[in-house]
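Visitor: Pasting a structure here, questions to come.
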Ligand SMILES: Nc1ncnc2c1ncn2[C@@H]1O[C@H](COP(=O)(O)OP(=O)(O)OP(=O)(O)O)[C@@H](O)[C@H]1O
């Protein structure tokens, strides 16, 4: 992990963002803030802190509501931590993650992996 990039990224955050991003990783953290106030940037800082603390990227799950937010988060991580780490991290929308989970355990749900999801109007 590029620690220069990590320090630089942290410097770009405000004091409260940095405090949240760097707080003790063994303690659950909840961030409540308004739209466009810097939550995603803080979450990227948090992910980078987890990586810096030695957490295996394959053991990190970052969930978002929109695909745009997931892509943006991955891109920001890629810039600082590199392509390989960004690829290993599970950054996904809530819907995509749940679909993957259902497909991986389809047999337990009495389904095959090629089940279809029906939405409104179908
Ligand atoms: N500390 C900061 N200093 C300057 N700009 C910042 C800072 N934190 C975030 N920004 C910028 O503000 C904008 C919104 O940040 P971000 O996407 O992190 O907010 P958000 O709360 O996740 O937004 P949304 O509610 O739309 O998901 C982005 O352009 C981001 O680069």
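Including glycine, each Cβ sits where the backbone N, Cα and C put it.
Note that the structure is predicted; figures quoted are calculated from it, not measured.
Positions annotated as ATP binding site by TrEMBL: 33, 34, 35, 36, 37, 38, 39, 40. Annotation comment: TrEMBL describes 12-122 as domain 'UvrD-like helicase ATP-binding'.
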Visitor: Determine how many residues of the domain 'UvrD-like helicase ATP-binding' (12-122) DSSP places in helix, in strand and in coil.
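Guide: Helix/strand/coil tally for the domain 'UvrD-like helicase ATP-binding' (12-122): 62 helix, 8 strand, 41 coil.
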Visitor: Under 8 Å Cβ to Cβ from residue 38 (ATP binding site), same chain, six or more residues apart: give me those in sequence order, or none if nothing qualifies.
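Guide: 13, 14, 17 - these are the non-local Cβ neighbours of residue 38 (ATP binding site), listed in sequence order.
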Visitor: Using a 10 Å radius around its CB, how many other CB atoms surround residue 35 (ATP binding site)?
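Guide: So the number of other Cβ atoms within 10 Å of residue 35 (ATP binding site) is 5.
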Visitor: Counting Cβ neighbours within 10 Å across all chains shown, tell me which of the binding-site residues 33, 34, 37, 39 comes out on top.
Guide: 39
